[in-house]
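Visitor: My questions all concern the structure below.
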Amino acid sequence: MTDLHPPQDDWDPAASLAEVKARVHIAEAACGRAGAGVQLLVATKTWDANAAAAVVAAGGSLVGESRMQELAAKGDALRASGARVHVIGQLQRNKAAIAVQFADCVQTVDSLRLAERLSRLCLEAERDLEVMIQVNVSGEDSKAGVAPDEALALASAVQALPSLTVTGFMTIGLNSQEEGPVREGYRRLRELRDTALIRSERGEMPLREAWHLSMGMSRDLEWAIAEGATMVRVGTAVMGARPSN
Ligand SMILES: *Cc1c(COP(=O)(O)O)cnc(C)c1O
């Protein structure tokens, strides 16, 4: 069983959200992107349905779940709260049905086989699904995601499948305090996205809607926004430190 944690007693979701939204706005302004409307996704992994519903009620209406076991447990409550739900953790094909049941978008598509499974499940459920292509920009062995030089071919193949729309690219940044290498990875994702849009505009690729860049978390959202993030995924800065099980 997954151990889900209740909200902490002294947690003020509205105040935490306001602080993080201010960070996002300041970061946008600092790099000449004032008013860019970078979206804030709140990563609610390890927190229970009450904590997730509280953050949605406070205005954090875009929520990310990492583990399908947790999504299965919280999915009905998240739906009832009116949240938009994105899958941001690695998705096994045998758990894809949970994503199709509860999620609006799967950000972690990194193989055609997974996309084919999602497509088939969506056809059965008579629904459409947004997906992003997860790219391993840092090349670390431990990280999920398709290699950068395979990302556009995968994205095009996924877009060709029924019921799926590729809305952009997602990456987990290098875990480092050094600005240069972290930003280099994020820049690489932006360059891939730009190529996708330019080539689609020329009719060479089917990726006109793939404009999202989901990158940046609590520790480095400023760097990601400076490199063009359209969505940052923030857990601890909004929800508080995740209690260890
Ligand atoms: C948990 C998680 C985040 C948020 O991380 P924090 O450091 O808590 O902000 C972002 N992206 C993914 C994929 C995650 O699993």
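Heads up, the Cβ atoms here are built off N, Cα and C, so glycines get one too.
For reference, TrEMBL lists these features for the protein:
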DOMAIN    37-243  domain 'Alanine racemase N-terminal'
MOD_RES   Lys45  N6-(pyridoxal phosphate)lysine
Visitor: Long-range neighbours only, meaning 6 or more apart in sequence with Cβ under 8 Å: which ones does the residue listed as 'N6-(pyridoxal phosphate)lysine' have?
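Guide: The list for the residue listed as 'N6-(pyridoxal phosphate)lysine' reads Gly64, Glu65, Ser66, Arg67, Glu70, Gly89, Gly235, Arg242, given in order along the sequence.
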Visitor: Tell me, roughly as an integer, the mean pLDDT over the domain 'Alanine racemase N-terminal' (37-243).
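Guide: Taking every residue of the domain 'Alanine racemase N-terminal' (37-243) together, the mean pLDDT is 97.
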